[in-house]
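Beneath this line is the structure, given in structure tokens, with notes to follow.
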Amino acid sequence: MEGSYFSTLTTLMTLIVFATYMNQCSASRPIPTETNTQFIKTSCGVTTYPELCFSSLSSYANEIQTSPKVLASTALSVALTTTRSTSEIIAKLYKSQGLKPKEAAALSDCVEELSDSVDELEKSIEEMGNAGGKSFGLQMNDIQTWVSSSLTDEDTCLDGFIGNGNVKNTVGNQIVNVAQMTSNALALINSYAATKNLN
């Protein structure tokens, strides 16, 4: 009888330890709450491309929670990552064989425009992380200017391509995605700035 009691007690203690361990594991990797996900979905409503906005940001729901600032910063980071990878793709395309001189020149310009775009997005992210230093209005004005310039650079990338060749179509598809991401980031920055100005 006594052995049975200790066996039951040992099993119970093992279950408690296991349950505690599982709780700690789930605490270290929280599942996105419906509130956080809904916040992103609602916030993306101010963007021109809400579906892209939500699909690109929803996986960061735990980090974003319900913070407009973190949402805007995350959108900037996603835009930067997309711009960098697109820049690499276009740089490789520029080095490929069989390009017409005009295509090569347009690709070269495009690589340069995207490099500028990356710089502007990096400055924006750095400024978003700088608390204080300058007034909030000036800070947001700088960020909005840089992200707008980044968007202009991305649009300018396509200007050098004439006609409807394969190169233009390939570049166009890449740039459209980058420009939409950047446009969404700008909309969320504007929304964050407006929220802070109301407080």
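Cβ atoms here come from the backbone N, Cα and C positions, even for glycine.
Bear in mind that TrEMBL entries carry predicted annotations, made automatically and left uncurated.
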Coiled coil according to TrEMBL, located in which of 48-75, 104-131, 160-187: 104-131
For the coiled coil (104-131), give me same-chain residues lying six or more residues beyond its boundaries with a C-beta closer than 8 angstroms to one of its C-beta atoms, as numbers and ranges. 69, 72-73, 76-77, 79-80, 83-84, 86-87, 90-91, 93-94, 139, 142-143, 146-147, 149-150, 153-154, 156-158, 160-162, 167-168, 171, 175, 178, 182, 189
